[in-house]
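J.: Pulled these features from TrEMBL for this protein:
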- 1-79: region 'Disordered' (REGION)
- 1-37: compositional bias 'Polar residues' (COMPBIAS)
- 38-72: compositional bias 'Low complexity' (COMPBIAS)
- 116-175: domain 'CTLH' (DOMAIN)
- 295-329: repeat 'WD' (REPEAT)
- 341-372: repeat 'WD' (REPEAT)
- 553-585: repeat 'WD' (REPEAT)
């Protein structure tokens, strides 16, 4: 380990066995210490020590190569701890993978450690050289070192399988048949796999065999993969798991990213995606908590906003009876008015894009008995639906097949309809607040006036309780994988439920929620974040795992009714408010530090 660039060992406890001490070296051992390195290059010995000749030491004669003299000059070493030995072995394995075998030998010699058990080394060499009989014989020696000796059968099976496939590839069908019948079958292990292997005898040529067996073919590649499988049965004290250092580093990087409150980009498992020299920290300036655009085309309260499933459009609905479709510029992320859909006499309080983004359904407030189904591409009204003037069609959800939808309200029923508004099914006696169709295409989730969410199946006409709250559920949304539900609960705020286990996972703090209908959302890359409007005029953002908000976005002057996170652009979010505006949020613009300090008032961050 180097310190301050001097290249000299500072801790005698970490210095290596058999290495020279205090600036003296042994040329016979080839070891290095205190910045002195001896190596051989094309038969010539090259020795350096911070620019000074290794053969000269302050006018004294060169150090003797005899073992007795080296022993007399060495300080007695303290035994390495287990963790220190583990680190040296991990480094050695990594260097070996890079082909630096001489460096590995030197490291093991100086440290007094052993990269792996000699029996494991012998086994590895025999496998890589394709000496299958010797490798099989090595298993008897390894058996005594294993925690589960029964695993020997599985290891032997893997060896014989490789041996069988290599014989087949070489055209040695008789030898392969002998391995199959005389060696693999008597193991009485994985008979199903043996039947599959026997089928490979019918392969007409090597390419056909490799394709059917999904096998690389005889050589280093397939044998390395075989070794990776074999190593899983051996204790790490005998043979390290494959690429163990890279695995540990990758786990550390993933843990840092998981703990990073503002990490909002695609997870890359490559070690090259992050620096190993610094802790991973994402800046809040990369997060969508700065106003990029204010849309003022609506002339009254904006009750709802929703990005299309492909993220290219935003739909906003208002008390002013219009729906506006906005186009998202893929480069600048600026929104531009695309078309206005008019004629919703009661105003628009809910919008739902079809799964393929071809259609958009608009619903009104509680006293609205009509539903509008628009063709987004043409701007034409395809269906205007009303079952009864006494109905209340305030919520809607699309079936995954994009050919059906369910709609209902608080008057006591909800319906399943086709694209022309024809009634397919109905469910009576349910006062619906909000609806959602699960990906199975059969189950409809409905929140009702009994402060619960129930699942309804139109095929077998069954229903079951899934969520029970103590206060009215004003709205809810479901994660893409269908596992989690996000609820806005009257006087309580935002709650996260696990629909599969039917348990309340988390209550998020900060938001002001009375009896207004506020729509929250999942968002960000991998839906790691949650955003909600609030009656205190703010937008709140939480990391899914943290109850405290990581950002409070200010700018609106009245209640924020709805928040939508762009599903294709994790750095883009929109919010709709009673102040008549839609705010588009994104990362901080590229500004000087002084400008950013003035802009920070727009985003108050609270790290939890």
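Placed from the backbone N, Cα and C atoms, the Cβ positions cover glycine too.
Whatever TrEMBL says is automated annotation, not expert-curated.
The model shown is predicted, which means the values in this text are computed figures rather than measured ones.
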J.: Counting each residue once, how many in the domain 'CTLH' (116-175) are helix, strand and coil under DSSP?
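T.: Each residue of the domain 'CTLH' (116-175) counted once, the result is 45 helix, 0 strand, 15 coil.
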J.: Just to be sure I understand, if DSSP states are collapsed into helix, strand and coil, how many residues of the repeat 'WD' (553-585) fall in each?
T.: 0 helix, 16 strand, 17 coil
J.: Helix, strand, coil residue numbers for the repeat 'WD' (295-329) per DSSP?
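T.: Counting residues by DSSP class gives 0 helix, 19 strand, 16 coil.
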